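So the structure is just underneath, and the comments pick up after that.
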Amino acid sequence: MKFFTYIMVYRRFLLVVLTVLVLLPLPIVLHTKETECAYILFVVAIFWLTEALPLSVTALLPSLMFPMLGIMPSKKVASAYFKDFHLLLIGVICLATSIEKWNLHKRIALKMVMIVGVNPAWLTLGFMSSTAFLSMWLSNTSTAAMVMPIAEAVAQQIINAEAEVETTQMTYFNGSTNHGLEIDESVNGHETNERKEKTKPVPGCNNDTGKISSKVELEKNSGMGTKYRTKKGHMICKLMCLCIAYSSTVGGLTTITGTSTNLIFAEYFNTRYPDCRCLNFGSWFTFSFPAALIILLLSWIWLQWLFLGFNVKEMFKCGKTKTVQQKACAEVIKQEYQKLGPIRYQEIMTLVLFILMALLWFSRDPGFVPGWSALFSEYPGFATDSTVALLIGLLFFLIPAKRLTKTTPTGEIVAFDYSPLITWKEFQSFMPWDIAILVGGGFALADGCEESGLSNWIGNKLSPLGSLPVWLIILISSLMVTSLTEVASNPATITLLLPILSPLAEAIHVNPLYILIPSTLCTSFAFLLPVANPPNAIVFSYGHLKVIDMVKAGLGVNIVGVAVVMLGIRTWIVPMFDLYTYPSWAPAMSNETMP
């Protein structure tokens, strides 16, 4: 018995040692560059899937093992760890830091919820819309952690209103103390450094390396141990939790910067196919926004029907007197918005820079008309989305936010300096260095597969799949990715599969985008389990949900997501990239039409 106890205690250590030793005959016996690279790929994949080592530590293994096995020199491997992706990430984190510091995210979320009204169905849609919008620009994890306290306050107020009606028989709610609002006290001031250290935004919260912020432990106290007066109250709490979790994930699909998996794919694709120049912020948004919008609306209908029933007549009944619960919701949102006070100069400047960054991204190379990048025609392809991100990111460190004053010996208060919108210390506390290393390791792994010839070997072995219908290949790869991402980190999943799916597309003479786009989008569909991604874990920690609730709800959203992606790749995405023709920018293939 003691022996098994020791095994359980040191299981991660044993897994690391046994993996390295058990797979060692592969490079020793066969001793080819392909098998040596495959050995490294298997080791890294096992460590990423089991998290025997931290994901970012595992990502450093290619820099150690490639030079030792003679696949790539150390200098060349090291250069893969810092790419255009990292510059784009830095600019996006500057924006996210300022948005959270000055509470602009709360103003946007609350205003959107106030617009849609307080009917439970429309209230849910309002939360989903505002959460998805924020997730387009912020980390999915941070978005869920920021919006969930507001949704929790509304849910608790509904339960309190029901209890009050039962005890006092009141027919009109005149505003009671909102205990639910106490769960997020940072609304009146700036986020503290301690909170920022605990909740780091990442462009894509579908990143399991961070897991759950410790902040959640402080915020969930009102959710735990709640006694629901009615079954409907409990269902509303479940609905609020899941709509926040799922919409924070769906919103990240719409922009290249919305989630780390999108960024990893874009960098990998542009590196492998540099002559394509078809993927940028504008083109990604054009094809992904309709898909995300459809998924969001269908998910809203599914969740509404699953927990509260979908009564269309009730939803669209005009002029109906508001119930006590609806007045309670309206009061909570109104109080929360009033706490923010009038919009401040710092929020306005952050919003201006936010809009400017989006406009510059869209207009750089929109495709249907010449963009501003045409002004630099002497250097085509030099300016990228990261150029815009860095330009706007630098402005956050330059634009004054407030004056710094000191008191002179005579008692006079004088200004001696100014504080910018964000400081380097604040930026550092938000910057996800672990993700930067993880993504760099993925790029190094892809380069190693290319250098060793493993990518071509995989492509040749997968070429018999060309006899299958292309839509079936896409469906199989999408379902495989969706299943794997439920138990593995999303960045790790996409990093492992890209070097496999690209050679597959080339081997069967299919436009690589035809297979890679659906697989990339499906990597974000981790809806089934609390541990599948951080937003799921955050909302689960509030105590309203059981695992079976998430499985039932998530299964439906997964099916919706895969179905919409399959629909999109066969309809509106096709003409954008001419997917039915094998492109000239793909390696060593002639232009020909797919069977």
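Placed from the backbone N, Cα and C atoms, the Cβ positions cover glycine too.
According to TrEMBL, the transmembrane segment annotation covers 42-69 (among others). Residues of the same chain lying 6 or more positions beyond the ends of the transmembrane segment (42-69) and with a Cβ under 8 Å from any Cβ of it are 12, 15-16, 19-20, 23, 26-27, 36, 77-78, 80-81, 208-209, 433-435, 437-442, 444-445, 448, 487-489, 491-492, 495-496.
Long-range contacts of the transmembrane segment (81-99) within the same chain, counting only residues at least 6 positions beyond its ends with a Cβ under 8 Å from a Cβ of the stretch, are 63, 105, 137-139, 142, 201, 203, 256-257, 263-264, 266-267, 270-271, 346, 350, 353-354, 357, 384-394, 396-397, 421-422, 426-427, 430-432, 435-437, 439-441, 443-444. Residues or ranges marked as transmembrane segment by TrEMBL: 81-99 (among others).
Residues 92, 95-96, 99-100, 105, 108-113, 144, 146-147, 150-151, 154, 201, 205, 236, 239-240, 243-244, 246-252, 254-255, 257-258, 292, 296, 299-300, 303-304, 308, 310, 314-315, 325-326, 329, 354 of the same chain sit 6 or more residues outside the transmembrane segment (119-138) yet have a Cβ under 8 Å from a Cβ within it. TrEMBL lists 119-138 (among others) with the feature transmembrane segment.
Annotation source TrEMBL lists transmembrane segment at 239-265 (among others). Through the fold, the transmembrane segment (239-265) approaches residues 85, 88-89, 92, 120, 124, 127-129, 131-137, 140-141, 143-144, 147-148, 151-152, 154-155, 202-207, 279-281, 284-285, 288-289, 291-292, 295-296, 299-300, 303-304, 307-308, 385, 389, 435, 439, 442, 490-491, 493-495, 498, 516, 520-521, 523-527, 533, 535-536, 538-540, 542, 544-545, 549-550, 553-554, 557, 561 of its own chain, all at least 6 residues removed from its boundaries and within a Cβ separation under 8 Å.
Taken from TrEMBL, the feature transmembrane segment covers 285-307 (among others).
The feature transmembrane segment is assigned by TrEMBL to 343-362 (among others).
The annotation transmembrane segment is assigned in TrEMBL to 382-399 (among others).
If you look up TrEMBL, you'll see 470-501 (among others) marked as transmembrane segment. Long-range contacts of the transmembrane segment (470-501) within the same chain, counting only residues at least 6 positions beyond its ends with a Cβ under 8 Å from a Cβ of the stretch, are 41, 44-45, 48-49, 51, 55, 204, 206-209, 259-261, 264-265, 268, 435, 438-439, 441-442, 445-446, 449-450, 454-455, 458, 462, 508, 510, 512, 514-516, 518-520, 522-526, 528-529, 532-533, 558, 561-562, 565-566, 569-570, 594-595.
The transmembrane segment annotation in TrEMBL covers 513-532 (among others).
Annotated transmembrane segment per TrEMBL: 553-573 (among others), in sequence order.
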Notebook entry, point to check: When you check the transmembrane segment (285-307) against the transmembrane segment (553-573), do you get at least 3 Cβ pairs under 8 Å, counting only pairs 6 or more apart in sequence?
Noted result: yes
